[in-house]
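Only one structure is covered here, and it is reproduced in the block below.
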Amino acid sequence: MASNWRASASWYSHPVYARYWQHYHHAMLWMQGHQNAYRKFRDSYFTSPWLFPHGALPWNSPAYEAGHPWDSQGQHMAQQESPYRVSHPKSPGQPLRNSSRTQASTRGNEARCEEEELESDSDDEVECDLSNMEITEELRQYFAQTERHREERRRQQQLDAERLNDYVNADHGLYFNHRRSLEPPSEKPWERRQAEMKRLYGNSAPKILAMETAVQLSFDKHCDRKQPKYWPVIPLKF
């Protein structure tokens, strides 16, 4: 397996691709530096004493997430309360009106929740008796037509998905592969094209391939310079 991996990885380790890999590593270093800078800014923002005094942290900060575990359903396991609430120390002579008001509002919320649960339970218990429902011929035709429409729409969606997968943009060739993968390429660039040219033109394949490459390079150069807009391939009907 190791020998096969070296054989497949040898062609893109060629020095001719060194400049590409150099740009690739520079881009990866820039992305990692950007992520580190964003992480540091996020940590400093959420731990700033001027923005969040008295230890009040937003629910999506790292310190808040570390101090509050989550269960398997993604719900909070601690007491459900606002993460922005700040707990100030009470003075000895301070009245307890705020706490009594909070307890009263909590009881009111619990009572409303219980009423909503009872209403939802009573709604779930309502059942429709369809045993005496009259099924006419018009209703049967309606159901049959609805089922036909659903089947036609399902087939049309499948055809649209297949057509979209096979669609090739105007700025790409017929052999353009738009599927992305993290795996290294299994064959060398132009290997399939060279084999096809060899099969078609025999010993004259290198000469014809060089001419085609020159024409393609000239076309790409003028396209990069002029930036033309591709005309849609639409048949004209007179």
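Each residue, glycine too, has its Cβ placed from N, Cα and C.
The region 'Disordered' feature in Swiss-Prot is assigned to 66-127.
Taken from Swiss-Prot, the feature compositional bias 'Polar residues' applies to 72-82 (among others).
The compositional bias 'Polar residues' annotation in Swiss-Prot covers 96-108 (among others).
Look at Swiss-Prot and you will find 113-127 tagged as compositional bias 'Acidic residues'.
Per Swiss-Prot, the feature phosphoserine maps to SER122; the stated evidence is similarity to another entry.
Annotated coiled coil per Swiss-Prot: 131-164, in sequence order. Through the fold, the coiled coil (131-164) approaches none of its own chain's residues that are at least 6 residues removed from its boundaries at a Cβ separation under 8 Å.
Across the coiled coil (131-164), the model assigns an average pLDDT of 84.
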